[in-house]
Ligand code: SAH
């Protein structure tokens, strides 16, 4: 009778998704493989995400009046899609990520090196959304000029940019990072509080990501993801002192691609309450 129980235990352990934390990202996250998601025109999952998120960024930043001097992007990864509209509304952007290889990949693009990822198709799409067709070169130059630094970041630290201390920013962006970095909802609550400490009261948080996602593939490597639901996000944001100004959800309509099991995408614009 002992044997089947033991067998069940082993089976459960091996089928349960293992949490991949910062060390796994540092050792196994391949920026080039991840960037494969963002090849526009190839029907990738990343393209589906971009179609949703970029429209909201465009509505929020250049035309929505969310602006200021300083903006921090948390968990930038090797990507700049999340900053293409923001650079029209903020004077200085700080990008950040946990891993060295993502820093290097971003630096390649910032220095316009030949091996850098080609963001031009995405930039072109954003220019069209913003009514500036044909201004791709100017947009890329502007973003390169506006990103002032790429810093090491760990959302689990009370100052995620430690040892650097930045003055509280006017805006905070984070895309697909917290659900990747947090192993459970309690950790997510704390991480949100940590990143919120980088934002001025009265500043805006622009948070986007995926709902109902337990994993995503980066090349052959499976990364865990924290399953998020809309009700949880509403609750945790208000508990952290945010007023939600927009909460958009788009339910996934394909189930063909098995590189991730997300059920929908979300976009949130929230205002950090002034201290009373
Ligand atoms: N923002 C990008 C990349 C998201 S991928 C985009 O929208 O496409 C998830 C990112 O979270 C990775 O770059 C990973 O390095 C980063 N990450 C993982 N753990 C982290 C942590 N503890 N603190 C900060 N970033 C982390």
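Using N, Cα and C of the backbone, Cβ positions are placed for all residues, glycine too.
Note: TrEMBL annotation is automatic and uncurated.
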Listed co-binder of S-adenosyl-L-methionine (same site as 75, 76, 97, 102, 154, 155, source TrEMBL) among 34, 216: 34
CB contacts for residue 75 (S-adenosyl-L-methionine binding site) [other CB atoms within 10 A, all chains]: 27
